[in-house]
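Chemist: A single structure is presented below for examination.
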Amino acid sequence: MAFSHIEGLYFYNTASQKKELFFPNHTPVRLYTCGPTVYDYAHIGNFRTYVFEDILKRTLVFFGYSVTHVMNITDVEDKTIAGASKKNIPLQEYTQPYTEAFFEDLDTLNIARADFYPHATHYIPQMIQAITKLLEQGIAYIGQDASVYFSLNRFPNYGKLSHLDLSSLRCCSRISADEYDKENPSDFVLWKAYNPERDGVIYWESPFGKGRPGWHLECSIMAMELLGDSLDIHAGGVDNIFPHHENEIAQSEALSGKPFARYWLHSEHLLIDGKKMSKSLGNFLTLRDLLHQEFTGQEVRYMLLQSHYRTQLNFTEEALLACRHALRRLKDFVSRLEGVDLPGESPLPRTLDSSSQFIEAFSRALANDLNVSTGFASLFDFVHEINTLIDQGHFSKADSLYILDTLKKVDTVLGVLPLTTSVCIPETVMQLVAEREEARKTKNWAMADTLRDEILAAGFLVEDSKSGPKVKPL
């Protein structure tokens, strides 16, 4: 899709700390996003990141780019091993239900599928090969605990993504944990030596002994195997900047000698009661929790899009209810468009102008670092303008179809608009509608009101128009 008045896409690059014009090195665009660690159900804070990444990919496609998208599935790391060992079951048996639940949640939130979902356990040989190369280069070493570590002192550019100055920090002890804070940059683990008490029966054989790969190495190898040595975009949550993405850069560039990714995009935290939503804090909600409260995936997706991805978003039930109301307004608008039946061969000039101006405003918002909240503002301005045109009585079926097509275009990015309002109306309700219409024709207003109340009690609203009654669910 071409936009004559838009210079190009601008993204905020974490590495440079500024907005940059997007100019990919590859066709299709190589996009890698960090996926779930399948030790539990993903919470809606995780899904804020996944929805942001979905908007990123949809925006690229909207602007005419083809994209190859890889999202990893982390099925072996500290937490999955601990979970499987605690239940005394094989690793795959432990992770498989959470993997399946993740894909179900993606569908519920209308998140477009990636092209590849590599599982870490499927790439162990490639990871062993990479560690062997790093050992041969002298960039990695075997510690006293028999684990293999990456030496930060052998990679001078370490810290360039998270903007760390190693000379001013305590460095470089060794750390075998997958996650740690940026005040303590350490030689990180590439291969974690097997510990029977900790790991049970979960290990792989390697030239450097039994064990399993470190979490950071897993993403590097899966990305490079499927997308090549250099990516166009690497995205994730702000939690991933350090140490995960910093370590990915170090080991990947040490292996290839090439820049690992050109653009780094990171989404901010989802808050609950003003605090970061986190499993470690115990203040998290899963998508399933919200579905059990009778919210919909559409409402949750809408809520997760209500602030710019680089701004923290505070979750409240009131905010989710407000999203339900906004979606109802949009649904009523679509229903009104579908109900237009005035004949017309072509859309009005004002309809064409309004649609063109809306698409331009929406596209400018996206091009400005995925400013979806501004895009929504332009959408509701557009809805108000078209409702005014309909009120004037000159809006034809051709106009309504053109507007519906415009909404479909923007929804290829948003993925949240209620673009169909058709529902199955029970025959009993339609019979009541017919009886009410007959009562109105005979001016039996008391009977018409009684039948209207029965229709309402059945969960439907009847609206009278020049072309006859229209029925829609409450």
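Using N, Cα and C of the backbone, Cβ positions are placed for all residues, glycine too.
Not measured: the values here are computed from a predicted model.
The Zn(2+) binding site annotation in Swiss-Prot covers CYS34, CYS219, HIS244, GLU248. As annotated by Swiss-Prot, ATP binding site applies to LYS279, with the evidence given as similarity to another entry. According to Swiss-Prot, the feature motif ''HIGH' region' maps to 36-46. Under the heading motif ''KMSKS' region', Swiss-Prot lists 276-280.
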Chemist: Other residues with Cβ within 8 Å of the Cβ centroid of CYS34, CYS219, HIS244, GLU248 at the Zn(2+) site?
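Modeler: So the additional residues around the site are ASN72, TRP215, HIS216, GLU218, SER220, HIS234, GLY236, ASN240, HIS245, ASN247.
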Chemist: Which entry in the list of binding-site residues, CYS34, CYS219, has its Cβ near the fewest other Cβ atoms, using 10 Å as the limit?
Modeler: CYS34
Chemist: Against which stretches of its own chain does the motif ''HIGH' region' (36-46) lie, if we need a Cβ under 8 Å and a gap of at least six residues from its ends?
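Modeler: For the motif ''HIGH' region' (36-46), the far contacts come to 73-75, 77, 79-80, 82-83, 94-95, 98-99, 101-102, 105, 237, 269-270, 272, 276-279, 284-288, 290, 300, 304, 315.
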Chemist: Go ahead and report the DSSP secondary structure tallies for the motif ''KMSKS' region' (276-280): helix first, then strand, then coil.
Modeler: 0 helix, 1 strand, 4 coil
Chemist: Which residue, of the binding-site residues HIS244, GLU248, LYS279, has its CB surrounded by the fewest other CB atoms within 10 A?
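Modeler: Least crowded of the binding-site residues HIS244, GLU248, LYS279, by Cβ count within 10 Å, is LYS279.
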Chemist: DSSP on the motif ''HIGH' region' (36-46): how many residues come out helix, how many strand, how many coil?
Modeler: 3 helix, 2 strand, 6 coil
Chemist: Can you figure out which of CYS34, CYS219, GLU248 (the binding-site residues) comes closest in space to the residue listed as 'ATP binding site', comparing Cα atoms?
Modeler: CYS34
Chemist: Return one of helix, strand or coil for CYS219 (Zn(2+) binding site), based on DSSP.
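Modeler: In three-state terms, CYS219 (Zn(2+) binding site) counts as helix.
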